[in-house]
Amino acid sequence: MAASALWSLSRRPVYRLVSSQSLRSFPRRTSAFSPPGCEFRSAYSLDKLYPSQEKEADKSKDQAKQTVHDIPVDRLSISYSRSSGPGGQNVNKVNSKAEVRFHLTSADWIAEDTRQNMAVMHRNKINREGELIVMSQVSRYQMRNLADCLQKIRDLIAEATEKPHVVLPEDAQRVRERADEDKFTASPFVNISSNGSIVAFQAHRLTSSCNLDVHAFPFDKQACNLTIMSSAYSDEDILMKSIKTSKMANQDSHKNYLTNGEWKFEQLRIVEHVMSYDTFSTSTVIYEITMTRRSILQVLVLILPTFSLFLLDMAISYAFASPGEKIVFKVTLILEVSFLSMILNDKLPTTSDNPPVIAKFFTGLFMFMVLGILENAFILYLREAKPTFQCFRGKKFLNKFKRTKERKSEDPTTCFGSEMRREDTPLPENEHSDSLVFLKHLNAELKQIKKHLALEEVQNDAPKYSSQDKSFLQVEKTLYFARLILSLVFLTYIVIIWRH
């Protein structure tokens, strides 16, 4: 036993090499079991002033909050009280809770605008005397709680000093593009039932576009289809069904659809069927949405004014005025219709080669108004030009012959001379009776002459139309009524197309 005791006393201590990996892990293990009060580190600690490369990539605080402000401690009112936080057996026995307060209005070591922002942002921390109160009880030690209060004051000052973020136009455009790309919003909630089923609700936003059929603009009705199907699974694997019926979907759509707009929601129809392809079939659900355009604005702005101008053009064509005056007024009407056509061109989209009905309506009325101008120009040309046509010469000769014959038959002197010659042949035997007969015949002839003179005065007062003017008026009326009949047929055709 003595030998073994001597060997144990003379044995040298054994030194073991500790790897660098174990050294790095050693303080971490010990720090994991350290009390909570030892975890506090102020802003002046080395790991915050000089962070490592791993922590630089993940910064949790803003740069403005990391700015260190010089706080005059002598201007602060510091007091300690019993803590109600962690501390084990020393809870409510040691005055470790720190309370720092200062008068915010008289704190000239803070900028004026910063103080105003702090008064607005942290008004619940200011008492009636105008003092800002900050407390801390994160540790069992007074100095650490005081350091935490000072750090809170620095954070409050940095938060009030922070300038609002100005959104640049490039950033706003980038946000809008990203909003268009994000078609759904992730929902963190699930519904867990007692039978073990878990249901997750996901809100999706779908932006769809369909071709517009503007053939009946502005009385058009548009129908868009939304087809939901699975291209990876057949109808035997996944069967698509709609939770709501068409009636329920219509009621919900009428409640949620915004009524103030150009379109009026009509109905929503849900169709479920199986779509067959060459290799497999898939289950699909089709939502057929029907909407109608509100056309009252287009009717009041475009259709009604154009139709009124056309009626005014037809009324001017039938008025008693010279063709030159009619042409001037009709050119003004055509310019007004052209202006309305430009407004229509801005409103109407070009979606197909088939022109819409309203374009035909504008073009037809425009062409009829141009024909009215050509009609008046033709009549003006006929009136100003000489009658070179043979038909006008023959009519002129016949009218001249009739006029000469009427003048001879209505000449009072001729009738009087013939009567006088007829009375001169039979001479009565009694001179007194002859004179009486002669006076009677003379009185009758004077009355007849008086009647002819009154007739000539009436004819002189009445407007004199030559045969050529009468023929021109007849041609003008013929052209006018032909244009009126054609325009009525055209308007009837337009109304039928718009109704169907």
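Along the chain as shown, the residues are counted starting at 1.
In case you wondered, yes, glycine gets a Cβ from its N, Cα and C as well.
Summarising the annotation, TrEMBL assigns domain 'Prokaryotic-type class I peptide chain release factors' to 69-174. Marked as domain 'Neurotransmitter-gated ion-channel ligand-binding' by TrEMBL: 181-294. TrEMBL lists 296-320, 357-382, 480-498 with the feature transmembrane segment. Residues or ranges marked as domain 'Neurotransmitter-gated ion-channel transmembrane' by TrEMBL: 322-425. The region 'Disordered' feature in TrEMBL is assigned to 410-429. According to TrEMBL, the feature compositional bias 'Basic and acidic residues' maps to 419-429.
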Residues in the domain 'Neurotransmitter-gated ion-channel ligand-binding' (181-294) grouped by DSSP into helix, strand and remaining coil: 12 helix, 46 strand, 56 coil
Same-chain residue ranges lying at least 6 outside the transmembrane segment (480-498) that approach it to Cβ under 8 Å: 216, 219, 310, 314, 317-318, 357, 360-361, 364-365, 368, 371-372, 375
Contact set, same chain, for the transmembrane segment (357-382): CB under 8 Å, 6 or more residues outside the stretch: 215-218, 298, 302-303, 306-307, 309-310, 313-314, 317, 322-324, 326-327, 330-331, 333-334, 337-338, 340-341, 344, 348, 472, 475-476, 479-480, 483, 486-487, 490, 494, 497-498
Sequence-remote partners of the transmembrane segment (296-320) [C-beta within less than 8 Å, at least six residues beyond its ends]: 217-218, 326, 329-330, 333, 336-337, 340, 343-344, 347, 358, 361-362, 365, 368-369, 372, 375-376, 480, 483-484, 487
